[in-house]
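*Asks:* Below is a structure I'd like to ask you about.
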Amino acid sequence: MAGVGPGGYAAEFVPPPECPVFEPSWEEFTDPLSFIGRIRPLAEKTGICKIRPPKDWQPPFACEVKSFRFTPRVQRLNELEAMTRVRLDFLDQLAKFWELQGSTLKIPVVERKILDLYALSKIVASKGGFEMVTKEKKWSKVGSRLGYLPGKGTGSLLKSHYERILYPYELFQSGVSLMGVQMPNLDLKEKVEPEVLSTDTQTSPEPGTRMNILPKRTRRVKTQSESGDVSRNTELKKLQIFGAGPKVVGLAMGTKDKEDEVTRRRKVTNRSDAFNMQMRQRKGTLSVNFVDLYVCMFCGRGNNEDKLLLCDGCDDSYHTFCLIPPLPDVPKGDWRCPKCVAEECSKPREAFGFEQAVREYTLQSFGEMADNFKSDYFNMPVHMVPTELVEKEFWRLVSSIEEDVIVEYGADISSKDFGSGFPVKDGRRKILPEEEEYALSGWNLNNMPVLEQSVLAHINVDISGMKVPWLYVGMCFSSFCWHIEDHWSYSINYLHWGEPKTWYGVPSHAAEQLEEVMRELAPELFESQPDLLHQLVTIMNPNVLMEHGVPVYRTNQCAGEFVVTFPRAYHSGFNQGYNFAEAVNFCTADWLPIGRQCVNHYRRLRRHCVFSHEELIFKMAADPECLDVGLAAMVCKELTLMTEEETRLRESVVQMGVLMSEEEVFELVPDDERQCSACRTTCFLSALTCSCNPERLVCLYHPTDLCPCPMQKKCLRYRYPLEDLPSLLYGVKVRAQSYDTWVSRVTEALSANFNHKKDLIELRVMLEDAEDRKYPENDLFRKLRDAVKEAETCASVAQLLLSKKQKHRQSPDSGRTRTKLTVEELKAFVQQLFSLPCVISQARQVKNLLDDVEEFHERAQEAMMDETPDSSKLQMLIDMGSSLYVELPELPRLKQELQQARWLDEVRLTLSDPQQVTLDVMKKLIDSGVGLAPHHAVEKAMAELQELLTVSERWEEKAKVCLQARPRHSVASLESIVNEAKNIPAFLPNVLSLKEALQKAREWTAKVEAIQSGSNYAYLEQLESLSAKGRPIPVRLEALPQVESQVAAARAWRERTGRTFLKKNSSHTLLQVLSPRTDIGVYGSGKNRRKKVKELIEKEKEKDLDLEPLSDLEEGLEETRDTAMVVAVFKEREQKEIEAMHSLRAANLAKMTMVDRIEEVKFCICRKTASGFMLQCELCKDWFHNSCVPLPKSSSQKKGSSWQAKEVKFLCPLCMRSRRPRLETILSLLVSLQKLPVRLPEGEALQCLTERAMSWQDRARQALATDELSSALAKLSVLSQRMVEQAAREKTEKIISAELQKAAANPDLQGHLPSFQQSAFNRVVSSVSSSPRQTMDYDDEETDSDEDIRETYGYDMKDTASVKSSSSLEPNLFCDEEIPIKSEEVVTHMWTAPSFCAEHAYSSASKSCSQGSSTPRKQPRKSPLVPRSLEPPVLELSPGAKAQLEELMMVGDLLEVSLDETQHIWRILQATHPPSEDRFLHIMEDDSMEEKPLKVKGKDSSEKKRKRKLEKVEQLFGEGKQKSKELKKMDKPRKKKLKLGADKSKELNKLAKKLAKEEERKKKKEKAAAAKVELVKESTEKKREKKVLDIPSKYDWSGAEESDDENAVCAAQNCQRPCKDKVDWVQCDGGCDEWFHQVCVGVSPEMAENEDYICINCAKKQGPVSPGPAPPPSFIMSYKLPMEDLKETS
């Protein structure tokens, strides 16, 4: 506990415990003294208590604030604390000693702390003094006691300080320094009587100041004995202690004579004067004149004049070395000899007391000062300073020697002079209506002392502080010291407003203990002032008192709260800040014995009494009718004791020899004149006087202290004769008689035994009687009231208990919460019922309930002792216990055991079926079992479950590890795990999974062994299936790595084979490509391909085409495992393929004969009718649109423009499904296949394909080895040599053409150009007619990627359009594709001999040789399917040889292998065809044909790209340069639509005419074309589905390239130039073959479709036309100009 540290400094303050706080109700608050009497048993244990009034009780502040002026007291905080004041007194004496010695006291600092000289002195004295400590070397221990750490040389330092400062003072105190010097008769330890200090002439420092060194202390010297003027109040006239409550000794209320006042005044000395005095300088030696006059008072010699000192007080001389202790040097200041020092120090000190401040304050000015001080001190607003901080700082300051804080306290201000804070009806001020309640309230401190129950009401005089309240105006740190109230009365304090007041209280039973502790800790103060604690000037830290066993309690009194102190309860405290409080004393009936004890205590201390206690008792007894009954009873008791004591004292005095007696009315004698001279007690009943001094008297307790005269001369003065005392006692007794009777009856009733107990009704009557007669609420009254209350409570509880028991039996399942009695409470209740001082009727029934409870207890104990809980038995007991409305302790236990029993039943049921015992079930059972109360059966089951769970989890974890192990565990190790876990009676999923994995592993191994033991290798699909199934099996399969390696090798071989055969993004599988075709006759691609197979076969059957459905070879290979069967199936599919191809070729060739139904015949893979430019597949003989299939590419582009003779053969994408590698590549794949221990359907298909290809190769070689075919091959070789020569000539012509172009730019050679041009043109035409055809290749643009096309054909897909469009420039073919051509480009593919035909190159060469300069005109025809008369072929073969070659060619084309023999046979067969035979169709569309989307090209193609395309077309078709020269004359690119059957000369003439005519209209059309650009763009987007149709070549449509097709001019004289989305044309059937807009000639589309049209010119030539329908036209065409041409035109 905190207190004072070793060095005298205060440690941190620890607040004591809080005192009780009471909050009375309004009913309790109506009677203050009764309420205080009720709380007294509890509150008096702590000495103080706090009472909070009801919230609505708020009395107004009634003081006149403006006129309220007061002078406060000055308080130095560190002088209040007892131990601190002792230290300060010691330092004062020490400083005074050294000042008289001519030195200034300077307190040293040790280890950065001021040395506590007082503590050092006490510690050294306790250890035997300076010599003993030095001798025994205990200075280090002294340092430890002072709180210094050892080992730093502190001991020696302390020794030097003690020897220098304290040791001389110690010698002086012991009297050694005065040995040999004659001294007057002085007692250095003479005690000083306490002195009454005058306060009206003292000056004080300003409040709130702080000093950091030694504080200044004001001292007064006593000059005369205590005397003073008193008021004329008869009771206070002779008192020396003025009033009760927190007050200070010596504050005289009267005035003094001026002479006494002046005499008592003394000069104020200040403790720091000793430090601040300016000492006059003394010379080290005396002058020569004085040497003979002064000698040393010790040695009597005058030598050593330089060491001879002269006293400044008495002028005596002393040698420095004769002094004790000797002085080392001559003092510089004033020096006094030991005799003068002893005289000065022996003067009595003035008693300590508070000074009055100089300044007078109002409440406002004092509040401003107080608030400024607190806010400045704590450096924060006053309301924000915590009370705990102020409390700790206060106790730190009062214990601090270094800091001196001065505050002011407006204490003991009489409300009689300044007015009370409560409203009072004293006539000074008018009471407002709202103040009336508070003016009459018993809690008004002006009313409380004079209440009917109060003893002080019988004192007629206003005792200031006891009957008249005192006011207290406090500030921060202002305090009131430890004290008890006068006559040990009650006190009550009310805080009107302001900051809290902190209180500390000590109960009355520890009052003497507190006094002893303070005497022990500060004996110096009590030596001079024995009644120090009655002077309110000394405080001590509560922590110090608590350390010494004194109980201390605290509280913070806030505004509007009361604090009550009880008799002889020491209390002290301080203010937290600016506040205003009011206090007064009061005495109740229970105080009378305490007051009597207080007078006896005062008698021992010789302390004055405020009033005579005996007088008060007899005054109340003189008028008993006005006494309260309770007070009368107490007065009767006190009066009886006093009568007995007074009789004893008088008898003892008479026995001592006092003979004279005389009656005297003591109440008429002033109190100061009837005080006992020995004990100062105020005498009332009797006193002893002597004739030698009639004014002097003593009480009968001190008869011998009166005077030395004999007792016979002394006279006994008495107030009442002994004979009159019984009569007074009888009057009081009569008043209290009724009360005594009531007391006896109540006592008898409360103490009666069981058989003689009263009924509850009788006790109620006694209580009502006491309340009606207002008997005092003493212990008996409270006991009766408590007994009645207890009996009533027990009766109501018993009735409630019995009634609820019945209700509970009727509704035991009610869920409402009820408060039940426990068994112990029931037993105690039954015991209480039978121990009541009265009888209640329900006691017996409650006893029966207790018997039922005990029976339940016995049965429950038996049930709980069972080895295994029985759920049915437990349930029955629970039902029984629930019916009793008692809190049975066994009931929760029974419910627990019921839960245990049900849990055990569940465990037994679960374990009976191992399949239900999963880990989760066991965990749930364990979790539910963990929450159960402990039981050996449950614990046993829990242990079994836990063990089973642990084992199961361990095996489950082991199985899980095995399942997830990498690498996998072997079968044997897993089987051992499964076998070991088989005996566990639980459901283990991982173990079962492991078991299943073992089963799968066995099955898998068996399958592998079965496959490996077979005669043939397994198929890849089988091994892949085994690998896929074996891989997830969590068992180490020995054969799995081998199987996976085989699968990987087989897959690698299949991927390599696929790269060899398959095109990129091919829709065919490798097995389909390697197997004979089963989809012959099936068209389409993608996912619908297989679906269309069956649908097309059904359609072909409906058309009576003999196409036998073919099965899938792949399915046959998968179903067949025998090698021989595979070969047989392949042969069977091969035969079906050949038959199906024969049927398909026949069906496709038959389409060409269906001229009348040509619109219904479907061609191409798109399965649409014939239209535009079409190509015929050499294998299936079907025709394909050039926009649906990729066009064949010249092989010369791949081989650097070589003119090697190779054919251009077109195979459709359906017939040519793969890359067709060479046989050498296939043989390397077969070698790799032989190394694989795996069967692949693709491998077997490849073997069969290879055997088929080699077999065909053998047949082909045999056929080519015949004489007829050998000679044909030789003839072709000769023609090939001619082609090489022709290529050389063509190169020469190119050089000549280039030179001509250069010459055209030279003006000097312009005249010679026509001849050169005509000559060059003729040579070019002849050379082109004899040039060999270039070989063509093809690919499938729907299935091949750009990269694949580049790899296979040598051109990009971006160039496909140009390649396609190249075919449209053949003059002898029908073509509706367009190629834009600029006039600046050299074009060599127009108006030449047909070169893009399916002829062998040798036939072309032969044809050029056989043809003359002019070519016979083709036969005019309306249908492109009508055969023309052809020229003779190059080779002639026999029908048998040709048929054999055609059959070999068909079979060879079916093979997906490239063989040289197919090229040889193809060349021979091409040479057998006529040179002009068409293998490409150009169909003119009518409106009934399906329109195809228009491919619009933008203008973003560069000129270089266009030129490259045209050069490729030139290389592809080998056309002459004469056409290019003519085209160079044209300004814009042109597209020509050439009609089959017109001869070249006629076409050229018409073209020349058209060019001249169009040149003239060119400029006019440019403006119109520009205006129509945007309109044509929109119409082009809307009509993308429309197809471009062919226009007869005799029209020159060069102007159309510059304008819109819709604005083209027809042959009509007044052409309207129709501007529509679709322009319909009609051709004249009269012979001129001119073309006309249907709108311009007035022909509707229906007429043009059903009738022949003859123009006006032809009609004139033919004469009048007979009426009737015109012959139907051949074709009606719809034309739309391509967007690219339009852009170029614009």
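Using N, Cα and C of the backbone, Cβ positions are placed for all residues, glycine too.
Straight out of Swiss-Prot:
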type: BINDING; residues: HIS483, GLU485, HIS571; note: Fe cation binding site
type: COMPBIAS; residues: 1337-1348; note: compositional bias 'Acidic residues'
type: DOMAIN; residues: 84-174; note: domain 'ARID'
type: DOMAIN; residues: 437-603; note: domain 'JmjC'
type: MOD_RES; residues: SER204; note: phosphoserine
type: MOD_RES; residues: SER1111; note: phosphoserine
type: MOD_RES; residues: SER1330; note: phosphoserine
type: MOD_RES; residues: SER1331; note: phosphoserine
type: MOD_RES; residues: THR1343; note: phosphothreonine
type: MOD_RES; residues: SER1345; note: phosphoserine
type: MOD_RES; residues: SER1438; note: phosphoserine
type: MOD_RES; residues: SER1488; note: phosphoserine
type: MOD_RES; residues: TYR1595; note: phosphotyrosine
type: MOD_RES; residues: SER1598; note: phosphoserine
type: MOD_RES; residues: SER1603; note: phosphoserine
type: MOD_RES; residues: SER1666; note: phosphoserine
type: REGION; residues: 1327-1348; note: region 'Disordered'
type: REGION; residues: 1407-1433; note: region 'Disordered'
type: REGION; residues: 1490-1509; note: region 'Disordered'
type: REGION; residues: 1516-1543; note: region 'Disordered'
type: REGION; residues: 1623-1690; note: region 'Interaction with LMO2'
type: MOTIF; residues: 419-423; note: motif 'GSGFP motif'
*Asks:* Roughly how many angstrom lie between the C-alpha atoms of HIS571 (Fe cation binding site) and SER1438 (phosphoserine)?
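*Replies:* HIS571 (Fe cation binding site) to SER1438 (phosphoserine), Cα-Cα distance: 154 Å.
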*Asks:* HIS483 (Fe cation binding site) to SER1438 (phosphoserine): how many Å between their Cα atoms?
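*Replies:* Approximately 159 Å lies between the Cα of HIS483 (Fe cation binding site) and that of SER1438 (phosphoserine).
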*Asks:* Count the other Cβ atoms sitting within 10 Å of the Cβ of HIS483 (Fe cation binding site), across every protein chain shown.
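*Replies:* Excluding its own Cβ, the number within 10 Å is 21.
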*Asks:* Inside 10 Å of the Cβ of SER1438 (phosphoserine), count up the other Cβ atoms and send me the figure.
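*Replies:* Within a 10 Å radius of the Cβ of SER1438 (phosphoserine) lie 9 other Cβ atoms.
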*Asks:* Write down the Cα-Cα distance for SER1438 (phosphoserine) and GLU485 (Fe cation binding site), rounded and given in Å.
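*Replies:* Per the Cα atoms, GLU485 (Fe cation binding site) and SER1438 (phosphoserine) stand 162 Å apart.
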*Asks:* Tell me, how many other CB atoms lie within 10 A of the CB of HIS571 (Fe cation binding site), whichever protein chain they belong to?
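*Replies:* Neighbour count, Cβ to Cβ under the 10 Å cut-off: 24.
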*Asks:* With every protein chain in view, what's the tally of Cβ atoms within 10 Å of the Cβ of GLU485 (Fe cation binding site), excluding that atom itself?
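*Replies:* There are 25 such Cβ atoms around GLU485 (Fe cation binding site).
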*Asks:* In the predicted model, what is the mean pLDDT computed over the motif 'GSGFP motif' (419-423)?
*Replies:* 90
*Asks:* Per DSSP, HIS483 (Fe cation binding site) is which: helix, strand or coil?
*Replies:* strand
*Asks:* In the domain 'ARID' (84-174), how many residues does DSSP assign to helix, to strand and to coil?
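*Replies:* Split into helix, strand and coil, the domain 'ARID' (84-174) gives 62 helix, 4 strand, 25 coil.
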*Asks:* DSSP-wise, what's the residue breakdown of the motif 'GSGFP motif' (419-423) into helix, strand and coil?
*Replies:* 0 helix, 0 strand, 5 coil
